[in-house]
Structure formats: structure tokens, C-alpha cells
Amino acid sequence: MTIMRKTHPLFKIINNSFIDLPTPCNISSWWNFGSLLGVCXVMQILTGLFLAMHYTSDTATAFSSVTHICRDVNYGWLIRYMHANGASMFFICMFIHVGRGIYYGSYMLSETWNIGIILFLTTMATAFVGYVLPWGQMSFWGATVITNLLSAIPYIGTTLVEWIWGGFSVDKATLTRFFAFHFILPFIITAFVLVHLLFLHETGSNNPSGLNSESDKIPFHPYYTIKDLLGVLLLLMVLMIXVLFFPDVLGDPDNYTPANPLNTPAHIKPEWYFLFAYAILRSIPNKLGGVLALILSILILALFPLLNSSKQHGLIYRPITQTIYWIFIANLLILTWIGGQPVEYPFTMIGQIASVSYFSIIVILMPIASMIENDILKLHY
């Protein structure tokens, strides 16, 4: 008798994606972050759903409805902080996932990579509109400052901003529509995730050696289901330590003050996972230039498959590019730090140097290093 999971039209899809999927036998723990992102997305949708049952998207009651969730709803505080810190875990996993893709040359699976970039942008949009919902000071001013950047677009900018706001300032209409966006976007993300997996399973996974693994594959279950389960347990452990002991460590104290359009916070800054892009935005004195740099800081990822000229797959046997890669990671951490600092000397100067370095490393240094390594290979063989 044939096994049902191999013949049933619905179970067959699940079977071919998560059970009998041929997987390279040597993929390391850096490959766990894809499944961890899936777990994060499910957790965010579930906690978000329960929060939405008690939240009201009205400027008069939004802040107090979040307070009500934390004080009066059974385990509301837990759901709220799991959702807030779950977003941080989501981005940590995403940064590592992208970093692993760059290190091991996974960007050569270009369809999967490009869908990944779209996923990254959609997740950033979801997190941004979500941050506005508690209607604290940083929510309000963050929304005002970031949406106002669109006014830099020539000719249609001002009209576009007022259209997004639903008026002449961030107000009731803005909050209501941001709640609607925040509710729908995770489902759009889920659809993109399925497309991401579809393209991945067309080509098969990359692996740490960068070699073809067609001749040496093992079934996904039980080997990688167990491995992923360990990753999930570690993720949940770190998340719950953050939620139960340090729930506000990644938040902003200003967001515990209700939104007040008449009082501007001393330092307006977004959540920590946007700080690198925010630092790049601030490092350019021109408004339109800053907005373009902000967008390019993410879209530049799409250049990786085009700029790759190396004869080897991944950086595992490429010491020069490897060194540049780790300088790039350090530079990204510097940008994140600068994004949270006030706009004054020496932070502005450091931010400008780090911003130029960010683009230079990707567009100039890495391709040059690849060419040098190719020449070294020719000398040896």
C-alpha cells in the first residue's frame, strides 16, 4: 500500500517540502535561521491576532487600550511583550539569514534571493506601521518623520504624504489605516514566503562547501526537523528570557508617554533594527539624497548576484573577501550605533564615513577582491 503522504494531493506538497525533501548532508547551523524565521512569523501572527482582539485603532483610546491589555487581559502583558520582542528576534534571525546568504554565496540562487529582498522590505514596512500603533511619543514622531521623507519626491511628494496621512498631519485616519496595513501585511509576507520556498525547492539548498551536493543528499525528516527543533527551543529560550526579565530593553522609554503633537522628543529614532538605514539617511545633508540612500541601502542587496565574478562559490576559501566581509559586518554595527546617537560631532562624521564604507565595500572592494583571488588561483594552477 502506498503511503498517504506521498499520494494525497495536499499532503504530497507538505511531504515534498518538509519530509522527503532531499537536503545537502553538510548544511550547518547557519541554515537553521530560515525555519526560525518561519516560527517567528507564525508566533507574530498568533500574538498579533490576540492583541488585535483588545486593541482599538483610535487616537483617543489606542494608548489606553495597550495599557488595558497589559493590566487587565489574562496574560496580556506576556502576549504584548512576546509580540514586541518577537519582532526583534524576527529581525535578528533575518539579518543572520541574509548575512549567511552573502557569506556562502546563496545569492547565486537569484530568484530566491530577490524574493528574499522583497520579504525584507515588506517585513520592514510591517514593523514600521506596527511601531506606530501603541500611539506613544516615539510612535507618533517616528511616523511623522519617516512618512514625511516621501515629501522629498519631486512634484508629487507633498500630495503623496497627505494622501498617506489622510489629512494634514499624522492623526486618527493615519492610525486607523496603519492598523489595517499592519493586519494585512503579515499575510502578504506569508504568501511571499511560500514563493521563496517554491523557488528554493526548484534549485535545492546551497551548502557550506559551495560545491554541488546532488550526489550527497539526505531526507529533511528526521535529520533536519530535529536540528531545526533545537534551534526553535534556543530561540524561544532567548525570547522568553528577554520577555520575562528585560521586556523593555529594546524599547524606547518615550513610548510610555502618550502621543503629544505639541511636544517633540529630544531624539527621534526608530526601533534598533532600522538604525543602520536611519544612520545612512541622516548622513546625507540633502533630503532627497538621504531618501534614495535609505532605499538603496536595502536594494543594493540585489546587486550581489550581478557583481559576483569569483570562480569559487561562497567565501569559505577566499581569505581576502572574507576579511572584507567581516569589516562590512563591523561597519553595519557601527551604523546601528550611530543611528541611535544625537546629530552632533563626532557622530555625524563617523556616520558619513560608515555610510560611504557600506556602499563602497559592496560595489567596489568585494568585486576587486574577487578579481585578485581569481588571479591568485590562476598562479597556483
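Backbone N, Cα and C atoms are what each Cβ position is placed from, and that goes for glycine too.
According to Swiss-Prot, the transmembrane segment annotation covers 33-53, 77-98, 113-133, 178-198, 226-246, 288-308, 320-340, 347-367. What Swiss-Prot lists as heme b b562 binding site is HIS83, HIS182. The annotation heme b b566 binding site is assigned in Swiss-Prot to HIS97, HIS196 on the grounds of similarity to another entry. Residues or ranges marked as ubiquinone binding site by Swiss-Prot on the basis of similarity to another entry: HIS201.
The structure, with features from Swiss-Prot marked on it.
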| residue | record | DSSP (3 states) |
| --- | --- | --- |
| HIS83 | heme b b562 binding site | helix |
| HIS97 | heme b b566 binding site | helix |
| HIS182 | heme b b562 binding site | helix |
| HIS196 | heme b b566 binding site | helix |
| HIS201 | ubiquinone binding site | helix |
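Considering only the binding-site residues HIS97, HIS196, HIS201, HIS182 (heme b b562 binding site) has HIS196 as its nearest partner by CA-CA distance. If you count C-beta pairs under 8 angstroms between the transmembrane segment (178-198) and each of 77-98, 113-133, 288-308, 347-367, the highest count goes to 113-133. Straight-line distance linking the Cα atoms of HIS97 (heme b b566 binding site) and HIS201 (ubiquinone binding site), rounded to a whole number, equals 17 Å. For the transmembrane segment (226-246), the list of distant contacts is 29, 32-33, 35-36, 39-40, 78, 81-82, 85-86, 88-89, 93: same-chain residues at least six beyond its ends, Cβ to Cβ under 8 Å. Stretch with the most C-beta contacts under 8 angstroms to the transmembrane segment (320-340), considering only 77-98, 113-133, 288-308, 347-367: 347-367. Sequence-distant contacts of the transmembrane segment (347-367) (same chain, six or more residues past either end, CB-CB distance under 8 Å): 279-280, 282-284, 293, 296-297, 300, 303-304, 307-309, 321, 324-325, 327-328, 331-332, 334-335, 338-339, 341. Neighbour count (other Cβ atoms within 10 Å of the Cβ, all protein chains): 21 for HIS83 (heme b b562 binding site). On its own chain, HIS196 (heme b b566 binding site) has THR112, ILE115, GLY116, LEU119 as residues at least 6 apart in sequence with a Cβ closer than 8 Å to its own Cβ.
Rounded to a whole number, the C-alpha distance linking HIS83 (heme b b562 binding site) with HIS201 (ubiquinone binding site) is 30 angstrom.
Its Cβ taken as reference, HIS182 (heme b b562 binding site) is surrounded by 22 other Cβ atoms within 10 Å in the chains shown. There are 14 other Cβ atoms within 10 Å of the Cβ belonging to the residue listed as 'ubiquinone binding site'.
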